[in-house]
Amino acid sequence: MGYIQKLMLPPTPSAADLLRTYKLPALRRFAQNFLLDPRGTSKFVACAGNIENKFVIEVGPGPGGITRQLFEHGAAQVAAIEKDIRLFPALQ
C-alpha cells in the first residue's frame, strides 16, 4: 500500500458561519441535524474503531463535520452520499 499524505484542513467553521455562508437552513423534510463540533464528531468517529488507510462510505454527510473527522482519523478515501444538493458546495 502506498504512502498517504495527511490532509491539512482549515479549521472547522462554526455551524452558524457555515449555514450563513452557504445559505443552508436545515430542512425538516430531510430530518437534518448538522453535527459540526470537532470534539463531538471526533468522539463519534473514534467509535468506528481504526479507520486508518481505509475506504469509508458516509451516508448523509450534511456540510461535512463528520467527513472532516474521518480524514483526521486517517481514512484513505471517503465516499459521501448526500441527497440535498444545496450541501454540495460545503462538501467540496
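One-based numbering along the chain as shown.
Cβ atoms are placed via backbone N, Cα and C, with glycine included.
Here is what TrEMBL says about this protein:
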- ASN33, LEU35, GLY60, GLU82: S-adenosyl-L-methionine binding site (BINDING)
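The S-adenosyl-L-methionine site in the record is lined by ASN33, LEU35, GLY60, GLU82, and its two most distant CA atoms lie 14 Å apart. The sparsest Cβ neighbourhood within 10 Å, among the listed binding-site residues (ASN33, LEU35, GLY60, GLU82), is found at ASN33.
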